[in-house]
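Please read the structure below before turning to the comments.
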Amino acid sequence: MSACQSPIIVALDFPTREAALALADQLDPKLCRVKVGKELFTSCAAGIVETLRGKGFEVFLDLKFHDIPNTTAMAVKAAAEMGVWMVNVHCSGGLRMMAACRETLEAFSGPRPLLIGVTVLTSMEREDLAGIGLDIEPQEQVLRLAALAQKAGMDGLVCSAQEAPALKAAHPGLQLVTPGIRPAGSAQDDQRRILTPRQALDAGSDYLVIGRPISQAADPAKALAAIVAELG
């Protein structure tokens, strides 16, 4: 397993095992961790996690579990048995669901992955929340869900970098994982609440999820190295 000290998590957002491994083979596991999301995991199942771990990568399993407490807790346990470094669940599943996941991991005999809560997806703005019956600013909803996550004993949160300062102030013990990271000059794509890597760390983020600026670069290894150098 790598001794990765970098905050960078590269999103392996690909439909096939071959495409994901083609990128992973260009990356140094000492400079980044990798994220396996719904598309890749559904296509490849648990074998992709085993293969990536065999290449030295710590794996963030980004499946955003959301179900009744026992079902979600058993899914988190299955992720731990795969040897993932980090796993996440939706905070909107509620206090009992998150607490059940934490309790299950506390009883797990092997290395325990970080248990991270998903607050408000970075693609969602106020009008999107209104469409699902929440007449509230995204940042206020994030703070409400963060309080639940803290009470449940979660290790951290997925949040946008704009929300990081308020979250660090309110819950300094929670580790913050931030998607929607774009180096200066990159396209925003479908994520709205974005900052550059340096801005995100300065705002209080602990881990940075970066996808297309690395995966679609002409030279992914060079793109990763440039971001690492920017962060010092």
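For all residues, glycine too, the Cβ spot is worked out from N, Cα and C.
Values in this document were obtained by computation on a predicted structure and should not be read as measured data.
Residues annotated as active site, proton donor in Swiss-Prot, with sequence analysis given as evidence: Lys64. Feature annotation from Swiss-Prot assigns substrate binding site to Asp13, Lys35, 62-71, Thr122, Arg182, Gln191, 211-212.
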The one of His66, Thr122 whose CB sees the fewest other CB atoms within 10 Å, among these binding-site residues: His66
Nonlocal residues around Pro69 (substrate binding site), in sequence order (Cβ under 8 Å, 6 or more apart): Gly93, Arg96, Met97, Ala99, Ala100, Cys101
Helix, strand or coil at Pro69 (substrate binding site) [DSSP, three-state]: helix
Rounded inter-Cα distance in Å - Gly211 (substrate binding site), the residue listed as 'active site, proton donor': 17
Cβ-Cβ distance under 8 Å to Leu63 (substrate binding site), same chain, at least six residues away: Gly37, Lys38, Phe41, Ala75, Ala79, Val87, Asn88
Cβ neighbour count (within 10 Å, all chains shown) around Gly211 (substrate binding site): 20
Alpha-carbon distance [Lys64 (active site, proton donor); Thr122 (substrate binding site)] in Å: 14
Distance from Lys64 (active site, proton donor) back to Asp13 (substrate binding site), taken between C-alpha atoms, in Å: 15
Structural state of Thr122 (substrate binding site), classified by DSSP into three states: coil
Chain-internal residues, separated by at least six, CB under 8 A from the residue listed as 'active site, proton donor': Lys38, Asn88, Val89, His90, Val118
